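A.B. asks: Okay, these came from TrEMBL:
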- CYS161-CYS179: disulfide bond (DISULFID)
- 21-43: transmembrane segment (TRANSMEM)
- 63-87: transmembrane segment (TRANSMEM)
- 99-121: transmembrane segment (TRANSMEM)
- 243-264: transmembrane segment (TRANSMEM)
Amino acid sequence: MNRPPGRRLHDFNHVSLCVKYMIFLLNFIFWLFGGLLIGIGLYAFVDKWQASGLVKVETVYDVILNVSLVMIFAGGVVFVVSFAGCVGALRENTCLLKFYSLCLLVFFLLEMAIAIMGFVFPHTMQSMLEETLSDKIIHMYREDADLQNFIDFAQQEFQCCGLSSEGYKDWSKNEYFNCSSLASVEKCGVPFSCCINATDISSGLVNIMCGYGVQKDPAAEAGKRVWANGCIDVVRSWAERNLYTIAIIALGVALSQLLVIYLAKTLEGQIELQKSRWHS
C-alpha cells in the first residue's frame, strides 16, 4: 500500500476532535449543574438539621419526600455520570465512556417506561400515586418546611387542594386539620394555598386563615372558598390538554439522549480503532 512520504499509517489520528470536545463540553456543563444541586441540597439539609435538630429518615418515603435529600441524590447521580463522560472523553478512556453510555441508556429506558405507562395507563398511574403518596404527603405537611413550601406552591400554581380525588377533604388526614383535633386552631380547615382568594386585595397580605373551618361546609359552599379538586387529577387533566406539547418536548429530550449515546459510542469506537492501529 502506498503511504504519504514521511508519514506512517499508525500516526494518523482516528479520534474526531469535534466529537471528543463536544462530549467534554456538554458533560462539563452537567457536571457543574450536578455540583450545584449537591451544594444547594446540602445547604438545605444542614439548615433544616440546625433548625429542628432532627431529620427523620426511617422509611423510603422519608427520603423521597425530603426535598433536600432528593436534590443531593439527583445531583450526585448527575455529577458522577457527567464526570465519567467528561473525563472519559478528555482522556480517551473507553471504560469511563462505556459506563457513561450505559448510564444514559438506563436513564433513557426508564424514561420511556414511565412515559409509556403514563400515556397508556393514565388512570392506573393516578391511582397508584394516590394510594402510595397521598397519605404520606398530607401527613408530613407540617413536619417538613421544604415539603410544605413545595405543596403550597403546587396548590397555588395548579389551583388545586389535596392530592387524591377526594380533593380538599384529603386534609382531614392531617392531624392539624382533622376535625377531631382538639388542640389545633386549624381543625376542619385547609392550608391557605387552597384558597381561591388567599391574598387580600386592599392590603396585599396573605390571609393564612382563609381556609379555616372549610371542611364543615357542604361541597357547594366549600367550592366558593377553596379549590375543590385534588392536584393529581388537575395535573392529569392539564397533561391531557397539553398532550401534543408534552409529546414534542419528550421526543426532543429522547432524541437528544440518543444522539449523545451515539456520539459516546462513536468516540469509543474511534479510540478502540486508534489503539488497534498503534498495536498493529
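Just so it is clear, glycine is given a Cβ too, placed from its N, Cα and C backbone atoms.
Automatic prediction, not curation, is the source of TrEMBL annotations.
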A.B. asks: Looking at the stretches 21-43, 63-87, 99-121, which one shares the most CB pairs under 8 Å with the transmembrane segment (243-264)?
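C.D. replies: Most contacts with the transmembrane segment (243-264): 99-121.
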A.B. asks: Which ones in the same chain are close to CYS179 (disulfide bond), with CB under 8 Å and 6+ residues apart in sequence?
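C.D. replies: Result: SER172, LYS187, CYS188, GLN215, LYS216.
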A.B. asks: Across all the protein chains here, work out how many other Cβ atoms are within 10 Å of the Cβ of CYS161 (disulfide bond).
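C.D. replies: Neighbour count, Cβ to Cβ under the 10 Å cut-off: 28.
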